[in-house]
Structures are given as structure tokens and as C-alpha cells.
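J.: Supplied in C-alpha cells, the structure appears directly below.
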Amino acid sequence: MVLGKSLSQDGAVRSAAEALFATFQAAGAMPVETAMLQPADTLLDLYGEDIRARAYVTDDPVLGEQMLRPDFTVPVVQMHMSGGADPARYAYMGKVFRKQDAGSGRLNEYFQVGYEVFDRSAPEALDAEVFVTFAAALEGIAHTAVVGDMGLLTSVVAGLSTSERRRAALMRHVWRPIRFRRLLDRFGGAAPPLERNTLTDDAPEIGLRTKADVTDRLALLAEEARESPIPANELSAMDAILSLAAPAPDALARLETLSGNLPSLRPAVDRLARRFDALRKRGIDTEALMFEGSYGRTHMEYYDGFVFGFSAGDIGPIATGGRYDALTRALGSNGAIPAVGGVVRPDLLLQARSASS
Amino acid sequence: MTVKLGIPSKGRLMEQTLAWFGDREIGLSRAGSDREYAGAVSGIDGVELILLSAGEVPRELAAGRLHLGVTGTDLVREKIPLWRTQIETVAELGFGHADLIIAVPKFWTDVETLDDLDAVAARFRADHGHRLRIATKYHRLVREHLQSAGVADYLIVDSQGATEGTVKNLTAEAIADITSTGATLEANHLKVLADGPILASQATLFASHVTPWSEAEQKTLTRIADMLGAKLPEAFI
């Protein structure tokens, strides 16, 4: 019977989740719970309107709009920022809820088991700790791991030889490849600057935005049109990073070469090298580890440094995670703390296990 | 069994639909008084006419309660995420043309395209502490459009009517709505973004894949298509 089967599957998934939860606690994490209903405001402020396409929204007459938690990271960070121990390691387990594209066949509610580390000590060692914790969860399953580092792209953007305004505009869209590319085309001279008409008196000033705001922006656009384009070598370095996909040692060598001409990339490449060392020390075969320069760019928006994902054949990603220092800054009213963590899906883990046995 | 055909129950859209079918020898009319939402059909057998709100036609097609329905492309796209698999176009009727557009105050001479709207939204959020509000009733279509263009820092606020007035009333900074002539936008000191509409809509005759079609109903459909001079989608032949 279909119902009976799905119930027993649910039971198996829960058992697998509990086993993972126990493993993470044994690794030193404190178990935490978060509310299933999250205030929509916080999530909307972080992710913007796009989140409405992915999260279920409901309404409370007193509390206002609430969302069924689409992930644990945000509430766990909030909990930590409002008085957690420093350093701290947390483990959690429970369901998350996501609207899925019509016809995609993806589940709209599923278990996640997570492990998060809030710690100010050597970040690369902690990145490696989190990675091996998830690698251990996949032990016995033929899997592939991909790593990336959003910090490479953001370092190059931060070091571009152009105005602060252009750098800020690019940084704002690091996670939106289409808009990022449009801005690059314009700032790099591949597309013409925006030319707009001057303000006239034939239309009244309506709404919150004022005529002064319009005049200000017109002045900025004029200024921008006079700016020289971003140098070609910086643009090509960015393209090289974004299209990079190679085993870790080759990728590192490639990035070393790039940073020779681009000093702003140097610290991020050094961090990457230290991270690969830390992974090796923990027994990871980095020769077999794939590095992708664009990994984490489209659907892991709060990760701003190390990113990783594990999959098994076409099942996956089974586990994903990364570093999200900026999220703690955005959510913490007083200060930030470096943080790295990830989640694993016990249902996919079970699927992969039965596929590989 | 009869083929259930749903058409808009009032206004110009109803009148034009009646006339369009009439020109093709399918006589559709209201049964009894103006206030009764049942219809009469002449010129073809086996068709039942149902008058309902244009906004409800998509849902009824998707629920399998109508075989055929006339409504705007915009309503089908907004209300039926799976429209590609549930509904098929039989004929575009050539009227009820309307574009779903984004409009901003006319005095925003610095804003012509989504490139500008995105940049202005960033600045607006920094200045005002909240995201730039776009009033619309087409939440899904507008969000998908802006998301695929990578626009950020906007907020969709619901507006079920008089949307063009929201900017002046300080409840939105921009709007997204259906427009045919642009006269209402002009009167409210708004202008359309230049990079094209989100969707070009017109009155369209749709057939449902969800509704079961008996052999007799299928034959009636073929006959309707002949009379309308429409080419039936493959799935219905």
C-alpha cells in the first residue's frame, strides 16, 4: 500500500536524521531547536522578494507575516547572536519547507540535519573541520565533492581599479550572475553607458522619490559615463575565476598565476591554499577534490567564503554548506562572528546508500 | 455529453467574444435576462455556454470543469503555474489586447529600463530604510520577470484595483499592471519602462487537458475548430 510504504520511508528518514544528529553532537555540537514559523520580515530583508517564490508565507493577525522556515541557518545565527557562547558549535534537526518549481518533482518539505561552528580561531582549520564532518556522514557511499570560494570573486571586485560606487554596485549583485554581467559589460566598456534625459517640469513630482533624487542620479550617470573602463586584465581574471573547474591542485596553481597580476586576489588565494592544507591534514585527498569558481553563486546566497557540496551520481546535493561571516554581521545588532556550517539531507543520504549497495 | 464553453460574463470582453463567435456562425447569447449567467448556443450542437468572470476561467479550465474557455493570456499565466501542461491555446481572438507593464513616475527621467530601476531600488532602500514598492495584482508574473532580470531591493505590494493611484497615495513607488492604451497611466503621471512588456496579452480561446473529452465531445471540438478556422493543437486531434 502506497501510504504504508511512504510512512515506513518517513520512519527510516527520521532514524537516519537522528543518527546524523547524534554524530554531530558527538563531534561536540550543542543540540538546538528553532521555531518552525519565522517572521517574514527578517527573511525578506535578507533575501528580497525572491524568497516568496521559495518559502511558504502565512499570516498571523498579531505577529504579521510568518514563513514556514525555509532553512535553519538564519534562526540559528539569530539565536547565537543574541547571547550564545563564544566559541560555539550547534547541531539541529528538523523539517524545512520550500516551494518547488511546477513539475520539478522535488519535495516541498524534507529533513535537514545541520552542524554550525561559530568560532574566531583559524578559519581554514574550521572550514576543514566542517567539511570532514559532512564527508564522514557520507562514508561508505560513492560520492563526489565540489568546493568553491566566493571570497575569490569578492576579493577581485573589492580590488577593481574603478570607483567605489562601481565596486559597490558589482558587490551587491555578486549572487545574481545576469545583473552582475550587465554591470560588468557597462563598466568594462562592452556596453555603452546609460544616457538619460534631463529633468523637465512637464510632469509633477509624485511619490516618495523626489526631483532632487532624480537630479542626483543624473549627475552620477554623467560622472560614470566619463569614468574609464575597468582594465581588461581585471575583467579577464574575473572570467577566469568564474569559469574555473579543475581538481584542487590545478585550480590553485591557476589562481596563483592569476594573482601574480592581480595583487588583490593574493590573500584569498593564500586562504585557499591554507584550506587545502588543512583538508589534507584531516585526511582528505585534495587531488580528487573538484574546485569550481562559480560554485555556490546562484543558490547559496549568504555564503561569502568557502562553499562545498556532496552528491552521489545524480542524487544530490546530499550535503551543502560553507562560510557565512557576512550573515552574522547582517543579523547581529552588535558585531559579527565568523561562522561556517552545513546541512545534510537524510532522505537523499538513504537514497544514495541504497543506490550504492 | 456537451462541450462546456466558458466566456466572460460582462463588459466589452463579453460583447466582443459573442461577436467573434457570431462572425464564425456560432451564435452565442445570454439566456433570459441580462442578469442570468446561463447562455444559449445556436449553429452547432453539443455545446453548452457558461458565463463567468474572466478571472475564474483559468481556474475552471485547470480544475477540469470547462472544456473550453475564453480569457486573457495574462490571467492564465498568473493563475496557473502549470498552464503549459494543463491548457492549450486553440485560437487567439485578436481583441482584448493588453500588455502587462512596469510603470514609474513620469518625472523619473533617469529611469528608462530595468537597469535603472534596479539601481534606483538600491539607492531608495538606503535612503528610506525599506525596499522600493511595486504595486500590482500580478505578483507571480512580476516577481518572475524581475527575478530573471536579477533586479533586487524591491517589494511587491498587493493592489487589486486603482493601481495607478498608489504612487500618488504614497503606498508604492512603481506599479505593474495591464494597460491597453496607456491613457490611465498618462492621467496618473506614469510612464512605461522602455525594455518591453512583461507579457503581451489578448483574449484567447483555451482548451483544457484536465477535463476528460469523450469521443462525442472530441468530434464537437473538431467541428468548432473547423467553423472557427482554427488549427487544433496536436493533443486534441
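We count from 1, first residue shown onward.
Each Cβ is built from the backbone N, Cα and C atoms, and glycine gets one as well.
Curation does not apply to TrEMBL; its annotations are automatic.
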J.: Just to be sure I read the record right: A:Asp71, A:Phe72, A:Thr73, A:Gln112, A:Glu116, A:Arg297, A:Tyr302, A:Tyr303 are listed as binding L-histidine in TrEMBL. Which of A:Arg98, A:Arg106 is listed for the same site?
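T.: Matched candidate out of A:Arg98, A:Arg106, per TrEMBL for L-histidine with A:Asp71, A:Phe72, A:Thr73, A:Gln112, A:Glu116, A:Arg297, A:Tyr302, A:Tyr303: A:Arg98.
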J.: Can you tell which of the binding-site residues (A:Asp71, A:Gln112, A:Tyr303) has the fewest other C-beta atoms within 10 angstroms of its C-beta?
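T.: Checked A:Asp71, A:Gln112, A:Tyr303; of these binding-site residues, fewest Cβ neighbours within 10 Å: A:Asp71.
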J.: What are the DSSP helix/strand/coil residue counts across the domain 'Class II Histidinyl-tRNA synthetase (HisRS)-like catalytic core' (A:221-344)?
T.: 61 helix, 28 strand, 35 coil
